[in-house]
Every structure is written in C-alpha cells, then in structure tokens.
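What TrEMBL says about this protein:
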| type | residues | note |
| --- | --- | --- |
| BINDING | SER235, GLY236, GLY237, VAL238, ASP239, SER240, THR241 | ATP binding site |
| DOMAIN | 207-408 | domain 'GMPS ATP-PPase' |
Amino acid sequence: MDPKNVKSDLVLILDYGSQYTHLITRRIRSLSVFSLCISGTSSLATITDLNPSVVILSGGPHSVHTPDSPSFPDGFLSWARSHGVVVLGICYGLQLLVQRLGGDVRVGHKQEYGRMEICVDKPSALFPSGKVGKRQVVWMSHGDEAVTLPDGFHVIARSDQGAVAAIENPSAKFYGLQYHPEVTHTEEGMETLRHFLFDVCGVEAGWNMEDVMEEEIKVINETVGPDEHVICALSGGVDSTVAATLVHKAIGGRLHCVFVDNGLLRYKERERVMETFEKDLHLPVVCVDAVDQFLTKLKGVTDPETKRKIIGKEFICIFDAFAQELEAKLGKKPAYLVQGTLYPDVIESCPPPGTGRTHSHTIKSHHNVGGLPKDMKLKLIEPLKLLFKDEVRQLGKILNVPEAFLKRHPFPGPGLAVRVLGDVTEGNALDILRQVDEIFIQSIKDAGLYDSIWQAFAVFLPVRSVGVQGDQRTHSHVVALRAVTSQDGMTADWYYFEHKFLDDVARKICNGVRGVNRVVQDITSKPPSTIEWE
C-alpha cells in the first residue's frame with residue numbers, strides 16, 4: 001500500500017523513542033485518519049515525499065541539552081511553515097520545537113511524572129473558550145521544561161506546579177503539549193486530539209478498510225505479473241491467513257500456500273487450521289510435515305534468540321524446497337513470497353533515535369522483518385505491513401474470513417518454542433504444554449471470557465517442585481498461565497481472573513496432566529515484560 005494513494009490526509013509522526021509513540025498512531029487511526037510513524041531523524045526528503053498534512057513530534061527519553069539528542073532535519077520547520085503543514089510537539093517534541101526556534105529549555109526544578117492536573121489559562125486554538133479556567137487530569141513524563149518561548153508563541157496551559165503544559169503559535173501553525181494526550185490516563189486526551197485534527201488542522205477523515213482492500217488488490221495486481229506465481233507461508237494465525245485471502249482474491253490460482261507442521265504447534269492445531277483453510281476459505285494449501293527437521297535442529301538449544309533464528313532458517317529452507325517443487329511442476333519458479341508482517345513488527349524493529357546504532361536493540365527477533373536470504377531469489381509481498389492487528393481483523397471480516405478464526409488469539413511465529421523455556425526437546429515438555437494450554441484456553445472459552453482477552457496461553461517452566469499427589473510425594477513440572485488485555489499488542493495489562501476460575505483451572509491441570517504439580521500465574525504488564533516469555 002502506497003501511503004500517497006490513501007484517501008485521507010496523512011498525519012506523520014516523527015518518533016523520538018517514547019514508549020507511547022505507537023499509541024498516537026493508533027488513536028489517530030481510530031478517528032478514521034491515516035497516520036504513519038517514521039524515525040524522528042528521517043531526512044527532509046523522506047518527510048516531504050510523504051506529503052503530510054500534519055506532523056507530530058513524539059516524546060522520548062532524551063534531553064535537548066545532550067549533544068547527541070535526536071532532532072528533525074534542518075529546513076523542516078521552514079518547509080512546514082511555507083507549505084501550511086501543522087506541527088504539534090508532544091513532551092520531548094515540544095521542547096525540541098522550542099529549542100530549535102530559539103526558546104530556552106532547562107532542567108525543571110520539579111520533575112513531573114504520572115497523573116498531574118493542568119489548568120487552561122486563556123482561550124486558544126487548542127483549547128476553545130469553554131475550556132478556560134477548567135482543570136483536567138493529564139499524564140506527564142518529563143524532567144526538562146520550556147522556560148522562555150520563541151517569538152510568536154504563547155503559554156495556554158500550566159501544571160499545578162507552574163510548568164508550561166501547552167503552547168501555540170497559530171499564525172505559524174506550530175503547537176505543543178508537554179503532556180501525553182494519547183494515553184488513557186489523560187482523561188480528555190482523545191477529545192483534544194479530535195479537536196486538534198478536525199477543528200484546528202482541518203484534516204479530512206477517509207481511512208477505512210474497504211479502501212485499503214481495494215488499494216492492496218490494485219498494488220498486488222500491479223506488482224505480480226500476469227504469468228507469475230506467488231508462495232504464501234501460512235502459520236495458522238490471523239495475519240498470514242488474512243494476507244493469503246487478500247492475495248488469493250487478487251490473483252486466484254496463482255497463489256500457492258504452504259502450512260508447515262514444525263512440531264511446535266498447539267493442541268490439534270494442524271487439523272483445525274487445515275480444515276478452516278480448505279472448507280471455509282478454499283485456499284490452495286499444501287501441508288508439510290517437518291516435525292523431525294525442526295526438533296532435531298532445536299535439540300539442546302536453550303537461548304531464545306538462537307531458537308528463533310534456527311526456526312526462521314528452517315522455515316526458509318522449507319519454503320525454498322517448496323518453491324523448487326513448484327518450479328518443476330509449473331515450469332517456472334515462483335517470484336514472490338507473501339508474509340503477514342504487521343505495523344507493530346515494523347515499528348518494534350526500527351532503530352531508536354539518538355542511540356547511535358544502525359539497528360534496534362533486539363527485544364526479540366521478528367520472523368517477518370528483515371527480508372529474505374539473497375540466494376532464495378524471492379521478492380516479498382507484505383500487504384498488511386502498515387496495519388495494526390485490529391485493522392487486520394476488520395479487513396479479514398470484509399474478506400469473509402470466519403469470525404471465530406479472526407478472533408483467535410495471536411500465536412508467535414516460533415510457536416511453542418518460545419513458551420517452553422529452555423530445550424523444547426527435553427522430556428515431554430511440548431506434550432505437557434499442549435495439554436495445559438488446551439485446558440486453560442477451553443476453560444476461558446467455557447467461562448465466556450475468550451473475546452475479552454487479547455492473548456492467553458500457558459508456559460512450561462524449566463523447574464520442578466515438590467508436591468503431593470495420590471498420597472505420594474512428587475517432584476514434577478511447574479507451568480505458568482498468562483493472559484493479557486491490549487489494543488494492539490504493543491502495550492498490555494494482565495487480565496484479572498476471579499479466584500474461583502483460577503482454582504478450577506489449576507485443579508483441572510494438576511489432575512488431568514501427568515507430570516504437573518504446580519500452577520502459577522504471570523501478573524506483569526508490558527512494559528516492563530513482553531507478552532511472550534521468550
């Protein structure tokens with residue numbers, strides 16, 4: 001999808017490393033306005049080529065006083081002013097705007113973190129007259145503060161401590177918020193963003209999944225030649241399934257799907273997803289049994305990053321072999337590989353500005369990001385790479401993917417390899433985990449909770465504990481239960497189960513799964529943890 005072909009004004013976010021940056025993108029898209037996030041140190045040519053109507057400078061962990069603090073390119077503000085592009089700085093973005101325009105930013109006497117109250121001082125473009133004198137709760141996260149504003153700017157709101165909370169220069173179309181309107185803790189944040197976009201900026205809403213589908217089909221048909229064939233690697237998850245369905249709608253029988261049983265699937269996953277592919281979606285799918293191939297390579301491996309890389313490499317080997325078989329059958333080699341890469345994968349794989357690195361600090365490798373080995377000679381088609389998970393589900397609904405399938409919880413590309421901590425081939429860890437996970441998920445469904453949870457799963461821990469089962473001492477395995485709520489998977493809160501539910505599940509697991517005598521629950525959010533354990 002070419003951002004320049006989207007039927008909506010573009011709101012471009014320059015990312016300076018805030019943990020909330022992706023939320024700005026999500027909040028804006030929820031208002032049916034297209035939004036993209038790129039590095040805050042992108043070149044002026046990159047920014048201007050996207051032709052945004054609005055540019056938002058995100059927050060970040062940096063200080064404008066440090067020599068290597070990230071900033072927008074020289075000439076950006078002059079370009080924005082001359083082209084009528086509205087600029088909004090949030091948190092660090094406000095301080096950057098002030099400093100680059102000749103104002104003064106200093107270390108605050110009192111740093112402000114968390115929930116704070118602000119008061120609107122005067123009527124302004126950002127805050128209509130009805131807001132004057134009124135207080136609102138916002139989310140602050142800053143140590144520096146603007147003390148002297150550039151020419152043409154006015155303070156329009158302050159915190160209880162007297163710090164600048166909002167500024168504007170309407171004639172230049174430059175605005176700043178010291179707090180984060182995108183987080184839910186800022187009670188009037190969405191109202192402020194809505195007013196800013198539609199009333200201040202005059203942005204027109206036009207972002208919808210129907211147009212996305214039509215545009216993607218057009219792009220696929222323009223990319224794939226009339227005689228070229230395409231491979232799609234189906235994982236059984238929502239993303240790859242929606243991607244395959246979209247490409248199949250565009251090119252029909254020239255799409256060839258492969259589903260790999262790598263021995264790391266959930267309970268009866270192979271049978272369940274193949275039935276959906278064949279009976280409901282009518283996708284042309286070949287199932288490859290590669291259980292021995294994967295588990296042999298993973299034997300003795302305990303490091304999670306190494307596990308991910310081994311699995312990724314083996315997948316590529318299988319796709320390559322599948323492509324060669326197709327070449328022998330069709331008389332020509334497939335030219336493209338479809339992947340269900342999503343926008344959060346792309347965002348999390350970007351280098352954080354100001355780190356001085358050319359690659360991001362690896363939290364975990366995304367199997368869909370980073371391209372393919374050169375010797376594979378397949379070009380990528382990633383029709384979902386600018387979409388978030390909930391948008392993919394909307395697109396899938398338009399494509400008539402069964403609703404029950406679209407509501408499935410996310411499942412990691414490396415499968416159960418990142419839910420068995422340690423060596424996945426040791427003992428019967430995989431079989432134990434499958435049984436525990438099935439009991440947990442089925443219990444959630446029976447309780448009517450499945451659709452209220454973003455993701456739930458079990459984890460096999462590399463420890464044993466002493467227990468008493470059948471009047472005998474046992475020294476058996478420990479499993480953890482994890483369930484979270486989220487909007488896009490980039491932040492998450494742990495799900496609060498009633499104690500009776502947890503008691504029932506723990507009893508079912510310990511009585512029904514041989515080799516388990518202890519069940520624990522993971523009650524950490526993201527951040528500080530990730531959703532998956534590895």
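Backbone N, Cα and C define each Cβ position, glycine as well.
The structure, with features from TrEMBL marked on it.
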residue : record           : Cβ neighbours (10 Å)
SER235  : ATP binding site : 23
GLY236  : ATP binding site : 22
GLY237  : ATP binding site : 18
VAL238  : ATP binding site : 23
ASP239  : ATP binding site : 23
SER240  : ATP binding site : 22
THR241  : ATP binding site : 28
Checklist outcome for this item: For ATP, residues beyond SER235, GLY236, GLY237, VAL238, ASP239, SER240, THR241 with C-beta within 8 angstroms of the site's Cβ centre include exactly LEU234, VAL242, ALA243, GLY340, PHE411
Checklist outcome for this item: Here the mean pLDDT of the domain 'GMPS ATP-PPase' (207-408) is 84
